[in-house]
Amino acid sequence: MATAGKVIKCKAAVAWEAGKPLSIEEVEVAPPQAMEVRVKILYTALCHTDVYFWEAKGQTPVFPRILGHEAGGIVESVGEGVTELAPGDHVLPVFTGECKECDHCKSEESNMCDLLRINVDRGVMIGDGKSRFTIKGKPIFHFVGTSTFSEYTVIHVGCLAKINPEAPLDKVCILSCGFSTGFGATVNVAKPKKGQTVAIFGLGAVGLAAMEGARLSGASRIIGVDLNPAKFEQAKKFGCTDFVNPKDHSKPVHEVLIEMTNGGLDRAVECTGNINAMISCFECVHDGWGVAVLVGVPTKDDVFKTHPMNFLNEKTLKGTFFGNYKPRTDLPNVVELYMKKELELEKFITHSVPFSEINTAFDLMLKGESLRCVMRMDE
């Protein structure tokens, strides 16, 4: 492309400080360096993680910053050493990478790349410790190696999944974080068998994606657990057969669930990050074969407390990161599930706005009115 090797000026939504509305600014995006790729973003979605680090409550504030990590785009140019991607390729940026060379990447059991694992505090490129974004010469920090709230961004090649160019980027863009995290937690880690019972704790976008995994796995009963009763109606679209609000019961929710299922759930997936929900998720599964999977991220001071007899009675507790998907290896296959109409991504996308209205997307999520709001970069 004619822009290869040159600085590109484009629009980006800059977070200048915590909790303040994002500002659409003209930024300069430098060419990609070794093992980097410059991507033209066509669609980007808002994930709760973006909101979390924009609020910066209890987090290291890294500002000014370009947030965003769920997106779909096209390769504009590649840096030295990049052989797997070429200009014109369709890609999904991912907040965690796959170098394909470390012990984790070589292991069939792990997706936690040593080199490119998520780093929320690093606001620069891993290669040279510098930003590729500037405004009038002043550096603007990156976010989790992706920074997709920009018409162009620079990303390490290991954090880009090359996908089928026929796949609609305005739909499959949501696969690059939340959906895959929840869906993979069920199908790759909990692995319910056809006819089994599954409980999902937390019915936000990640929880509903986990529920979709249970539905496609043929679960006979899917119990949604949430403190907001308004979420049950929406959850029915994702296969939810029963709804439990812990506030409606005088006894602990795990006891309620054990009674409902004649001894406990076959599988349970926790998607809230609340430590009490995590413990309940484990304690509600059936002894002998029950499997609980933790997806939500707890606070740094949380401690998981349960009686050791739960383990001796052969209940299994697992954790997962990004649904146990290796980004470059596995995401193209998840895209193909959508192309074969086995995944229904449309029901997760509740809103769509032009990129210029990005603050509307933040408002919708803060009010709890959206699952995913996709922003169109060309408007």
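Backbone N, Cα and C define each Cβ position, glycine as well.
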Ask   = Can you tell which of Cys47, Cys113 Swiss-Prot lists as binding Zn(2+) 2 with Cys99, Cys102, Cys105?
value = Cys113
10 Å Cα neighbourhood of Lys231 (NAD(+) binding site): matching binding-site residues from Thr49, His69, Cys99, Cys102, Cys113, Cys177 = none
Query = Given the recorded Zn(2+) 1 site (Cys47, Thr49, His69, Cys177), which additional residues of the same chain have their Cβ within 8 Å of the Cβ centre, ordered by sequence?
reply = His48, Asp50, Gly68, Glu70, Phe95, Val144, Ser176, Gly178
Task = Report the same-chain neighbours of Cys105 (Zn(2+) 2 binding site): residues 6+ apart in sequence with Cβ closer than 8 Å to its Cβ, ordered by sequence.
result = Glu98, Cys99, Cys113, Asp114, Lys326
Ask   = If you draw a 10 Å sphere around the Cβ of Cys177 (Zn(2+) 1 binding site), how many other Cβ atoms fall inside it, taking every protein chain shown into account?
value = 29
Largest tally of Cβ atoms lying within 10 Å of a Cβ, found at which of the binding-site residues His69, Lys231 = His69
